[in-house]
Amino acid sequence: MECKENVIHYLSWGFIVSGVAYLFWQTRFQTPYGRYVTSDGTPGRTCPAKLAWFLQELPSFLVPMLLLLSTDTQPSLGKDLLLWTFCLHYFQRTFIYSLLTKGRPSPLYIVFSAVVFCSVNGFLQGHYMLHCATYDDAWQTDIRLYTGLLMFFLGMAINIHSDHILLNLRKPGEVVYKIPKGGMFEYVSGANFFGEILEWCGYALATWSLPTFSFALFTMCSIGPRAFHHHRYYQEKFEDYPQSRKAVIPFIL
């Protein structure tokens, strides 16, 4: 398959523009998810958390894998990076995290929006890395590749460990929210968000391309404000909430 350069270009810039727009939107409004979902008692408007996570994350894994299996591509660094970073992350989110989550039901329109985004992004990342990205031999010794991969796997570890802390924060049957402690939660309120942002910034650095940078930027604009919402929630709810904790970036922000 030939590289669809124009499609890749427009989708990448679409992510950049929409990400910045969504960031500004979240400074005025709060996306209804998790603890911020308000139920009006109308059936059929939400999706169970486990199913919601599975459905909305699946396209980000499935679309690149279908592209990989349906095209005859030679071994390449771009192919390896796609499999062992992007697809690895979404395998964990789709087939492992979705079974573990204990979150509240998600509004259907949020799930639908996530499915659309993940489908488009799955195509953008998969098509670019398989059919457009070219890396010469020098890139295999480039500091950006190794720094980016280190950031990615460190971020993934932080993300998974932070999710583990959140999943075990409450005992069976408890419905109250508690202050998360341990790991990166000692430094930021949104430790899981920080881990994921670090992941995709590392992915962008290791691949050094507009599509991957646009996805990293969209991620920051999308989940960064959620960390601030959580930070404000904890500060308002708990009088003993650690004052030294930042929202999303340790010691800074």
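Counting starts with 1 at the first residue shown.
Using N, Cα and C of the backbone, Cβ positions are placed for all residues, glycine too.
A TrEMBL annotation is a machine prediction, not a hand-curated record.
According to TrEMBL, the transmembrane segment annotation covers 7-25, 106-124, 145-162, 208-228. Marked as domain '3-oxo-5-alpha-steroid 4-dehydrogenase C-terminal' by TrEMBL: 105-253.
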Compare 7-25, 145-162, 208-228 by their Cβ pairs under 8 Å to the transmembrane segment (106-124) and return the stretch that comes out on top.
7-25
For the transmembrane segment (7-25), what are the same-chain contacts with Cβ under 8 Å, counting residues 6+ beyond its ends?
120-121, 123-124, 127-128, 132, 210-211, 213-215, 217-222, 224-225
